[in-house]
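Report on the following structure.
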């Protein structure tokens, strides 16, 4: 019973529900889209910290990358990885839905097949990434590894290291703090962690496999099965669509989420409740004759 209560089936949806209830009472000016976005980001950061910690433990415990075992490599996937990926698809859909509903799109007055289809088309690579983990990583972890490769499962956990920094960047933009030093420093951390743990990690795993068997890096793909190479490709593919806040100045490229801002024009303050960070509203310039 304690295992069920502590697993991701309860933890992640429960945290998401709690954040959605608590945040509106703190940030009363936020819309449903703002609340869902930040709630999703907070939960993803919690999962990322858990996954990264588990990955560090597994990787540091395996000196032989093929045969050494650690129980976390299997149990974390079953109890937390799979429930989180399933929950996250739903949370991403909700974020998409409320974002367009707040904009006043007619199709988003209620949930429908059209809204789900629009979400899948717009977030295809992310959805593919999640489905690949559910349909490839889970069966491999449980049935097809023949009790080998815990080291590489731990490496895949480490891909989550960049997630808290990406989430922090979006939350800072939501709070209107995109010009502060923390956002700029966080942008550097996003760049470094994303490159190291989402891109460079894959050739590193191939190199470690080759090192174990004494074969050069370029020969490793030919020593692996087609399914293994395709699985890595499916996990790597979404990295071609990197997160928006990849640099200290990237808040100018963010999409629909934005923080409340004060605008000053002709000594008059205009309150813009939800102006995108990329396009600050500018009132029309008055005729020359009317300018004092």
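Heads up, the Cβ atoms here are built off N, Cα and C, so glycines get one too.
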Which listed span TrEMBL calls transmembrane segment, if the choices are 151-173, 220-242: 151-173
Among ranges 10-30, 73-93, whichever one TrEMBL labels transmembrane segment: 73-93
From 103-123, 124-144, the residue range that TrEMBL assigns the feature transmembrane segment: 124-144
CB contact flag for the transmembrane segment (73-93) and the transmembrane segment (151-173), at least three pairs under 8 A: yes
